[in-house]
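*Asks:* Shown below is the structure under consideration.
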Amino acid sequence: MEPFLRRRLAFLSFFWDKIWPAGGEPDHGTPGSLDPNTDPVPTLPAEPCSPFPQLFLALYDFTARCGGELSVRRGDRLCALEEGGGYIFARRLSGQPSAGLVPITHVAKASPETLSDQPWYFSGVSRTQAQQLLLSPPNEPGAFLIRPSESSLGGYSLSVRAQAKVCHYRVSMAADGSLYLQKGRLFPGLEELLTYYKANWKLIQNPLLQPCMPQKAPRQDVWERPHSEFALGRKLGEGYFGEVWEGLWLGSLPVAIKVIKSANMKLTDLAKEIQTLKGLRHERLIRLHAVCSGGEPVYIVTELMRKGNLQAFLGTPEGRALRLPPLLGFACQVAEGMSYLEEQRVVHRDLAARNVLVDDGLACKVADFGLARLLKDDIYSPSSSSKIPVKWTAPEAANYRVFSQKSDVWSFGVLLHEVFTYGQCPYEGMTNHETLQQIMRGYRLPRPAACPAEVYVLMLECWRSSPEERPSFATLREKLHAIHRCHP
């Protein structure tokens with residue numbers, strides 16, 4: 001065995017001399033040992049394939065089959081001195097130090113990130129940054145860290161706080177992969193090196209008391225995403241707040257993207273309103289996915305409802321073919337969503353069929369809750385534009401801007417009228433001014449032909465002049481469900 005290995009792997013003569021010193025007995029083989037006549041022996045190139053030594057990590061257990069191989073266990077750290085022929089010649093850094101050949105299929109290169117689970121290792125930190133960290137609260141004298149060396153590729157440095165200054169020590173690597181601060185004191189790894197100098201700190205004149213505490217990074221809002229993650233596709237519509245587009249998130253997830261019109265919005269209040277939206281969770285509310293508010297235009301990204309808004313859907317052939325049960329189903333679902341907002345003390349301010357979205361299976365969800373509060377005062381005014389939703393707005397809100405859950409109840413009554421007229425515009429033929437005048441004189445929308453009498457009674461209750469006399473959404477929800485059960 002010895003002559004064969006010395007002849008085939010002559011460049012490892014220093015290693016063979018350790019195994020078979022001069023005058024030693026030759027190895028005539030042991031039971032189960034590698035037979036050079038029957039088993040292939042790796043042939044390593046004369047020149048290394050890459051700069052060595054390199055760090056490897058054992059992926060699987062391997063049991064040596066001859067004296068030239070190295071037994072390793074999964075997780076062992078290895079320092080590879082040579083590589084080739086499907087093997088590495090490596091020194092084990094953990095456990096009992098020894099060296100030998102290990103199949104390359106059983107190991108993987110270990111980058112410095114392998115140390116990232118250690119509290120004292122700071123990847124990507126420069127010498128200057130290490131000083132800033134160690135001298136910043138809550139760190140005190142004795143705080144230390146290991147970082148990649150700036151002057152030695154693949155090497156490390158030890159930085160230690162000593163009162164009001166920071167001392168830096170180069171961690172050198174010996175030819176066999178051992179690490180040291182001082183020649184003559186070799187360690188198989190960084191952990192062993194630190195353990196030694198914690199106990200013998202006087203050798204470097206600075207105690208190693210505790211790992212450096214990283215400064216807390218600013219808390220990142222997981223909802224906030226860059227514009228680059230979203231691609232606009234088909235334009236779905238346009239409203240008071242901006243345009244609505246069908247789009248893709250990260251190239252795969254279909255979403256609805258509301259592009260906010262900054263000219264009409266009080267963007268200074270947008271962050272606060274979005275915080276409210278993030279905390280609302282109900283199956284009858286449109287689900288918020290993400291926000292892009294780091295620059296203009298602002299995106300509000302929500303789930304995509306395939307059939308669009310309820311007002312437009314009711315005017316399609318599919319919508320006009322619906323009979324009483326699904327229409328009552330729409331009313332019940334909207335009442336459920338609004339009852340939840342009522343419990344959360346959130347005022348919608350712009351409840352209408354156009355702000356209810358429909359998906360496959362005729363599931364519907366309330367959208368745009370709370371955004372009307374962000375419209376600039378000169379935009380949200382009954383006299384400013386015929387586009388403003390005065391016909392859906394309670395008189396106290398239209399005249400005096402007094403919004404409440406009860407003004408939402410008024411709007412819900414108008415939404416019910418839309419549902420049972422298959423999306424027709426309420427107060428058709430009247431201007432905003434005429435509508436308000438007629439309402440103040442006591443006029444109320446007539447009962448639609450498709451509307452049950454008991455539902456129309458609820459509409460009239462929603463349109464009571466005194467807000468306090470209007471029903472709650474919880475009451476409306478229960479009454480509508482009872483009516484729905486009578487019309488299965």
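The backbone N, Cα and C atoms fix where each Cβ goes, and this holds for glycine too.
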*Asks:* For the set Tyr156, Tyr380, say which residue Swiss-Prot annotates with phosphotyrosine.
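*Replies:* Looking at Swiss-Prot, the phosphotyrosine feature maps to Tyr380.
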*Asks:* Can you grab the distance from Asp350 (active site, proton acceptor) over to Gly242 (ATP binding site)? Cα atoms, rounded to a whole Å.
*Replies:* 14
*Asks:* Run through the domain 'SH3' (51-112) and tell me, per DSSP, how many residues are helix, strand and coil.
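*Replies:* Summed over the domain 'SH3' (51-112), the classes give 4 helix, 30 strand, 28 coil.
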*Asks:* Select the most exposed residue of Leu236, Val244, where exposure means the fewest other Cβ atoms within 10 Å, treating these as the binding-site residues.
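*Replies:* Output over binding-site residues Leu236, Val244: least Cβ neighbours within 10 Å is Leu236.
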*Asks:* Just to verify: the residue among Glu238, Asp350 with the fewest other Cβ atoms within 10 Å, which of the recorded positions is it?
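*Replies:* Each of the recorded positions Glu238, Asp350 was scored by Cβ atoms within 10 Å; lowest is Glu238.
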*Asks:* Restricting attention to the domain 'Protein kinase' (230-488), give the mean pLDDT.
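*Replies:* A mean pLDDT of 88 is what the predicted model shows over the domain 'Protein kinase' (230-488).
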*Asks:* Please report the three-state DSSP label of Gly242 (ATP binding site).
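*Replies:* Note: Gly242 (ATP binding site) is in a strand by DSSP.
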